[in-house]
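Asker: Annotation comment: TrEMBL describes 54-74, 94-117, 129-148, 160-179, 232-253, 274-296, 316-339, 360-381, 393-411, 479-497, 517-534 as transmembrane segment.
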Amino acid sequence: MTAKDRQTEETHLSNFNVAGAAGSTCEPDLSDSSDGVVKDGTAFSSVNISMPDLQIFLIILLLLTTIWMIYYVVYTARKENAVVYKDGHAGPVWLRGGLVLFGILSIIMDIFKIAGYVGYLHCDSAVKVVFPVVQLVFIIVQTYFLWIHAKDCVQLHRNITRCGLMLTLSTNLVLWMTAVTEESLHHTELCTLIENIILLSSCALSCFTAGYGDDKCKCSHSSCSVFKEAYYYLYPFNIEYCLFASAMAYVLWKNVGRVIDDHSHHKIKFTLRGVFFGPLIGILLVVAGLATFIAYEMQIQQDDIDDEGKEEAVMIHFVMNIVIVTMMSLSSVIGLAVYKVDHREHVSDKNPTRSLDVGLLVGASLGQFVISYFTIVAMAATGAKGYLNRLNLTWAILMVIQLALQNFFIIEGLHREPFHEVQPVVTVVENPYVLQIGKELNCLEASKMESKLSPIPISHSLHNHADEHRPKLLWKRRVLKEVCVFLLLGNVILWIMPAFGARPQFDHDTETEFYQFNMWSVIVNVGLPFGIFYRMHSVASLFEVFQTS
């Protein structure tokens with residue numbers, strides 16, 4: 001750092017300290033900046049929108065969307081011929097079950113928020129209590145609405161329904177962006193990485209999180225900090241809830257006015273029969289990943305951690321992730337090899353659910369692709385010196401490979417017809433006996449003999465026929481199911497780690513020094529939420545592929 005940069009940083013810090021002592025609301029004076037770097041172009045400069053203003057806007061959106069959903073449930077859906085057709089592919093039970101699970105956890109998060117914000121009512125805006133109350137009601141209504149009507153192909157009030165569904169989709173996306181922003185700022189430790197204009201980001205963080213009470217507003221009960229930490233840990237579930245709801249609202253919107261013949265949709269029961277190695281290895285991988293993640297988080301968050309301890313924690317995290325993505329890549333290759341010898345036909349009919357699944361899968365994976373790409377560039381430019389840099393480069397390259405292979409495997413599986421047990425044609429089983437009886441006996445004797453003999457040979461023939469065909473299909477089905485379950489569990493642990501706070505991108509500082517923190521934080525905080533959603537969406541898609549295998 002040059003003498004000029006050091007002087008500039010000290011000037012920023014002194015301005016920040018003076019402003020904080022004077023009770024400033026995070027508006028540092030940038031007019032005296034010697035280099036003029038931060039006068040224009042930052043997202044946080046001259047922004048006078050407070051948290052209550054944003055929450056009032058969100059409350060209006062939530063109320064409008066809730067009113068429309070109640071209108072649809074009470075009036076539109078009950079009219080005669082309003083819903084004549086149902087899309088059997090839309091809103092499968094596992095997707096609606098996930099929505100309910102994340103909805104329950106989101107409701108608990110709102111309850112914690114209410115309990116925490118109540119402690120600041122005597123000195124802070126009441127809007128901060130009203131917002132989680134309204135959001136709680138919205139989640140209850142929306143979960144019921146999507147559980148009951150996810151498969152509807154609405155034929156009446158089409159324009160109103162399309163507008164209402166677009167409002168629902170937009171509201172969930174706004175809630176998602178708000179939650180992602182707050183979650184990213186919460187996990188990004190800006191104060192430890194002050195570099196040039198990072199002071200602005202730190203100031204914005206203070207303004208953003210000051211909504212929970214600052215030095216001038218003391219909580220009236222002693223549990224505020226507990227509720228705050230509790231609801232931050234529930235943010236990932238609320239983020240996923242918003243995305244699940246957005247996807248289901250989009251499919252509903254695509255199905256408005258759609259006339260379909262759904263006789264081709266086969267109901268497939270979920271069963272783990274014959275699947276052993278995939279769940280076993282996957283569970284072991286999840287347990288190992290959780291153990292290393294917990295150790296990593298505990299060590300990184302120590303106040304007195306030295307550089308050696310920090311490097312050790314990051315190394316363990318890198319190694320575990322390399323093992324996970326390597327095993328998942330190999331599993332995807334095995335699955336793709338099975339598809340090469342699998343002669344099931346490709347699905348040709350148009351399906352908005354499948355098209356959305358593929359689009360979200362590819363689009364969401366771009367978030368992790370971008371982070372890995374910039375990591376590879378930084379490592380290559382700096383020579384990847386040191387074992388941590390080499391591990392980081394290896395992880396980034398393997399992540400790109402794993403994403404490509406897994407996308408190929410899932411998309412191929414989603415476009416294959418489901419496996420069906422081959423049943424023998426009735427005439428093939430019965431005709432040999434009927435013909436033989438017809439040649440040797442008269443009609444009366446034939447009818448008597450047929451009634452006595454047909455049950456045993458037909459049953460025996462069916463059994464033999466099933467045994468004849470099952471070995472050819474069983475190994476393909478079993479391998480695909482093993483691969484699906486293992487990849488599903490692998491994506492679960494890769495979702496858990498970043499969703500609950502793992503940020504090796506900031507704990508390892510090569511990229512930060514190469515790109516400067518303001519640029520690198522934008523790359524990570526934009527790409528990582530999409531990467532997190534990709535993992536959860538992959539779990540849903542792999543479940544679908546598992547069922548059709």
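Keep in mind that glycine also has a Cβ here, set from the backbone N, Cα and C atoms.
Since we're looking at a predicted model, the values are computed, not measured.
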Asker: Who are the chain neighbours of the transmembrane segment (232-253) in space, where the CB to CB distance is under 8 Å and they lie at least 6 residues beyond its ends?
Answerer: 87, 90-91, 95-96, 98-99, 101-103, 105-106, 108-109, 112, 139, 142, 146, 149-150, 152, 154, 162, 165-166, 168-169, 172-173, 175-176, 179-180, 182-183, 186, 352-353, 356, 360, 499-500, 529, 532-533, 536-537
Asker: Test the contact criterion for the transmembrane segment (479-497) and the transmembrane segment (360-381): 3 or more CB pairs under 8 Å, pairs 6 or more apart in sequence, then answer yes or no.
Answerer: no
Asker: Looking only at the recorded stretches 129-148, 160-179, 360-381, 517-534, which one has the largest tally of CB-CB distances under 8 Å to the transmembrane segment (54-74)?
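Answerer: Ranked by Cβ pairs under 8 Å, first place goes to 129-148.
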Asker: Between 160-179, 316-339, 360-381, 517-534, who has the most Cβ pairs under 8 Å to the transmembrane segment (393-411)?
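Answerer: Counting Cβ pairs under 8 Å, the winner is 316-339.
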Asker: Let me spell it out: take the transmembrane segment (160-179), skip the flanking residues so only those 6+ beyond its ends count, and list any with a Cβ under 8 Å from a Cβ in it.
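Answerer: The answer is 54, 58, 61-62, 64-65, 68-69, 71-72, 76, 135, 138, 142, 154, 235, 238-239, 242-243, 245-246, 249-250, 252-253, 256.
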